[in-house]
Amino acid sequence: MQINQPSNQIRLTNVSLVRLKKGKKRFEIACYKNKVLEYRSGIETDLDNVLQIPNVFLSVSKGQTAPTQDLAKAFGAKTSVDDIIQEILKKGEMQVGEKERHAQAERIHNEVVDIVAGKLVDPKSKRVYTAGMIEKALEQLSSQGAQHKQEDQGKVTSGTATPTAEGEEGKGKKKELPTWTGVVTTKSAKSQALEAMKALIAWQPIPVSRARMRLRITCPSNILKQAVKGPGKKTAHEDGDDGEEEKATGTVKDRILSYIEQVESQDTEGQEWEVVGFVEPGAFKGLGEFIGGETKGRGRVEVLDMAVVHEGD
């Protein structure tokens, strides 16, 4: 006798699952491996290249598709299957095997190290560190972070710690510093590289600073001698917070040059003044805002090099 498989039973193998719990039900979709992250990052936009089958399941392992009434109750009667799938893809939790998880973590780790190695330099020599040196520095930070966490948990468990006001202040300052505990697979390599750079700069396991940007700034020469109006220079800190404003003094030209750490060249041609120089990344936003405001859109800031480094031994 022939045994027919029920119409809502679909068998799939070699898949990555994305799960989302909504309306007291858990819904799943079956995706191709490595495609979910590409979709979430915007690299892949075609759902056909992401989904193994354009259906929503209650259980992929059992091949049980989600009934229409369950989908309507959880997502709304007017919500299309494509919209439901996109919501699960964006908000759901991705289930991957141990080998895939390890390979993904290793890939993100290598990307983070490469990004950091290209953005940080030795403050004195302005030379880049090797990826191996950056990796060791991050491992040191990760070990220190785990050790500090264990110590804090031990003090809380024992109940013997009674910090003084000075101790509380010191502890508070310590906690405010950015920390690094290693890569995770739920964040992009770019965002984690930024976190790693902040921690390296804050703790200095090796001497590091952000590589300077090389910019070309052009401005109408007839406004260079105008007195500056409004607040003074504001430089962002490495952790992204705004720094304190300095008192506004001098001319427009003085203020522009105050943002530039090292001038490479400056010249006036016709009615336009041009300067090329090196700027700390934290000052870039403030410089752009100042140029735009003071020149009413007639000035320009052009990035010639995002991170200037010196190669060599």
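One is the number of the first residue shown, and numbering goes on along the chain from there.
Glycine is treated like the rest: Cβ placed from N, Cα and C.
Predicted automatically and left uncurated, TrEMBL annotations should be read as such.
Look at TrEMBL and you will find 14-101 tagged as domain 'Ribosome maturation protein SDO1/SBDS N-terminal'.
Here the domain 'Ribosome maturation protein SDO1/SBDS central' (110-211) has a mean pLDDT of 81 out of 100. The domain 'Ribosome maturation protein SDO1/SBDS central' annotation in TrEMBL covers 110-211.
Positions annotated as region 'Disordered' by TrEMBL: 141-177 (among others).
TrEMBL lists 168-177 with the feature compositional bias 'Basic and acidic residues'.
Annotated region 'Disordered' per TrEMBL: 228-250 (among others), in sequence order.
Under the heading domain 'Ribosome maturation protein SDO1/SBDS C-terminal', TrEMBL lists 238-306. Taken through DSSP, the domain 'Ribosome maturation protein SDO1/SBDS C-terminal' (238-306) splits into 23 helix, 25 strand, 21 coil.
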DSSP-assigned states of the domain 'Ribosome maturation protein SDO1/SBDS N-terminal' (14-101) in counts, ordered helix, strand, coil:
33 helix, 23 strand, 32 coil
